[in-house]
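So that you can see what the record holds, here are the features copied from TrEMBL:
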{"type": "DOMAIN", "residues": "3-87", "note": "domain 'CS'"}
{"type": "COMPBIAS", "residues": "147-194", "note": "compositional bias 'Basic and acidic residues'"}
{"type": "REGION", "residues": "147-211", "note": "region 'Disordered'"}
{"type": "REPEAT", "residues": "366-399", "note": "repeat 'TPR'"}
């Protein structure tokens, strides 16, 4: 049979009641404390202390402090007034039992309401996470469509430019051929005029001379025949145009596909640079480099200055939004600051940029999955978190740390299903 504690003391003000309950010779930290608005109980075998309070109290804000073999209660009254006694007078056993049962029912009802509120909050978080994932998928689909449309427009524009260039080249060649033909016709006309002029001169001379012998006449006609041979053509030049090439190697030695891909990536990087940012006006030239800003953010992260690191990554992303490590590092900062939804968004963006999946970006993809999975688990979305951890294990199946974390998440999910 428990021993009733009777050597307690209590004091009061108009707003609060202070009770000191001594429990000597027992482990007071194992004491079971139960408090409602009209009932207070402390059970620490073999001692038992209970009191049926004189007036209702605010049990949610009331406090209990355990230490030095004593439990000290600070009970706040619902109505400011001085109590005549601590406990109700004239309470029989039946009334005590009713008060106990009522207090237990009230405690159970409050616990049920708290569980329901927690379940509602969890459902809201799941709904929010689902909306975020749907939004990310929609944005990804839209970006793919925009990328296809941009590539189509670019190809069409390049084809039109090529056709225009070919048309201009053909027109230039046609003009050049016509000019050469005119020059040749002009030269031939000049030659004909020269021959005609010589022929007229010789005919006039032959009429004034006496008739000579047959041999002289033959010599004259032989000389005239020699003079009638046209002069050699004048020296001309032929213009040859070569197709311009960015790379100096010969076509038979170059790899056209790799060269075109390199040029495309360089053009994308140049287009991604945004120098028209007002914040850059006061920065040095090296501070306008996204890589320099990324290294600066990494150093700030190492010193646990996460907000400053986020600012560095933000400016680097504004300069070039195609670097996946900027989003991956900013996700780590958001995890440290408990900005879980932002960590999910940045990890998803990093995974979107880390395509196609190759060996060079395997480590970054694994980190992105782990950080997004960690954020899901801290939001108590363990199924989504487990999916990211399993994706990380597909990249590196021998990672023991990731294996252990995934097993812990499975255990939590199984425990939740058993409770439900």
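Using the three backbone atoms N, Cα and C, a Cβ is placed for every residue, glycine included.
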Long-range environment of the repeat 'TPR' (366-399) - Cβ separation under 8 angstroms, sequence gap at least 6: 122, 125-126, 129, 324, 328, 331-332, 334-335, 338, 340-341, 343-344, 347-348, 350-351, 354, 405-406, 409-410, 412-413, 416
Local confidence of the prediction over the repeat 'TPR' (366-399), expressed as mean pLDDT: 95
Secondary structure tally of the compositional bias 'Basic and acidic residues' (147-194) (DSSP, helix then strand then coil): 48 helix, 0 strand, 0 coil
